[in-house]
């Protein structure tokens with residue numbers, strides 16, 4: 001029997017200390033990593049529930065284990081809410097991550113050696129879109145497209161590559177691209193060569209749900225996403241589609257289970273259901289609108305301070321700061337900002353002369369600070385402090401002064417009140 005009042009700090013003080021330190025770090029540091037956010041206490045409550053004890057291989061009503069009648073309800077709630085959120089006719093909420101959701105789609109619709117056309121990691125794509133260090137670039141013949149001199153997706157080049165290589169699948173989506181994507185143009189390109197169009201909307205799913213970013217579902221054969229990032233749920237993945245053919249649904253269902261996964265994580269699926277319910281609330285749309293306003297304010301301020309933003313600004317939640325030609329690298333900038341309690345990630349930029357472990361860029365995003373309650377002026381102030389550090393990354397006095405300002409801002413906007 002397990003006592004309900006058991007204390008981790010008494011049983012495992014080393015682990016309890018690490019968790020407490022992380023809680024403090026999240027409160028005392030400004031989080032600007034574009035893929036990170038804070039989920040609600042309700043999401044965390046469900047994720048830590050007794051549902052973690054239940055094995056439930058299969059799907060609702062068709063399990064390989066008994067005693068699944070309660071978790072069936074949780075999974076069905078997640079499915080129906082995901083469909084409502086994105087205007088989907090099909091949803092699979094079992095993928096453990098966005099990467100596994102992408103992997104499922106590849107394995108469902110492609111054969112090893114087939115050609116895929118995806119966005120280059122160096123130009124803002126994702127590892128799972130055909131990078132040669134990822135399984136997607138090892139099992140498939142991955143052809144990569146990128147951005148033009150203005151930092152925008154070159155649709156004519158994408159079309160030319162598609163006509164030349166005749167891919168079986170075109171992949172649209174990104175991890176570091178700050179403009180809107182023309183999903184219809186991508187579908188037209190895919191149709192020209194008889195390819196599937198897979199859209200990975202992991203970074204913008206929350207914006208899509210709130211109708212502040214174009215919805216890819218009317219154009220894509222299949223759409224994948226994470227459930228954290230802008231969607232502000234637990235770490236996990238989903239696959240959704242609008243009006244899919246029955247054969248496609250069967251392939252997707254059978255590849256997720258039993259194809260690449262066994263038992264689903266029912267505590268995470270239930271937490272997804274809570275997050276989807278939160279995303280259906282009117283306040284979520286207001287939040288996503290503010291995410292974009294804050295990102296625009298930050299990007300504009302950094303440009304006023306002389307820093308180049310790839311593509312000249314942002315239309316979503318993130319921006320990529322291009323520091324090619326400057327003495328400071330992305331790695332050094334990340335470290336200096338970290339000392340000021342501003343958390344960012346180094347990121348390659350188009351035509352980056354530095355290695356991926358050093359880089360000449362920074363990726364910044366506003367989902368987490370907006371969850372805290374930041375408004376445009378807060379992000380303007382924050383952008384100025386970032387520029388102060390980037391202007392003098394080795395100046396301890398500057399870093400200390402910024403750290404004090406960050407501390408005051410964090411006290412003003414606690415994550416969990």
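One is the number of the first residue shown, and numbering goes on along the chain from there.
Just so you know, glycine gets a Cβ as well, placed from its N, Cα and C.
The (6S)-5,6,7,8-tetrahydrofolate binding site annotation in Swiss-Prot covers 121, 125, 126, 127, 355, 356, 357. All chains included, 16 other C-beta atoms sit within 10 angstroms of the C-beta of residue 127 ((6S)-5,6,7,8-tetrahydrofolate binding site).
For residue 228 (site 'Plays an important role in substrate specificity'), other Cβ atoms within 10 Å of its Cβ number 26. Residue 228 (site 'Plays an important role in substrate specificity') falls outside any helix or strand according to DSSP and counts as coil. Annotation comment: Swiss-Prot describes 228 as site 'Plays an important role in substrate specificity'.
Under the heading N6-(pyridoxal phosphate)lysine, Swiss-Prot lists 229, citing sequence analysis as support. The local packing around residue 229 (N6-(pyridoxal phosphate)lysine), expressed as other Cβ atoms within 10 Å of its Cβ over all shown chains, amounts to 28.
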Site with most surrounding Cβ atoms, counting all protein chains shown within 10 Å, from the binding-site residues 125, 356 | 125
Residue 126 ((6S)-5,6,7,8-tetrahydrofolate binding site), DSSP three-state class -> coil
Looking at the binding-site residues 125, 126, 355, 356, 357, which has the shortest Cα distance to residue 228 (site 'Plays an important role in substrate specificity')?
-> 126
Inter-residue Cα distance where the pair is residue 229 (N6-(pyridoxal phosphate)lysine) and residue 125 ((6S)-5,6,7,8-tetrahydrofolate binding site), in Å | 16
Please report the DSSP secondary structure of residue 121 ((6S)-5,6,7,8-tetrahydrofolate binding site), reduced to three states.
-> helix
Compare the Cα of residue 229 (N6-(pyridoxal phosphate)lysine) against each of the binding-site residues 121, 127, 356 and report the nearest.
-> 127
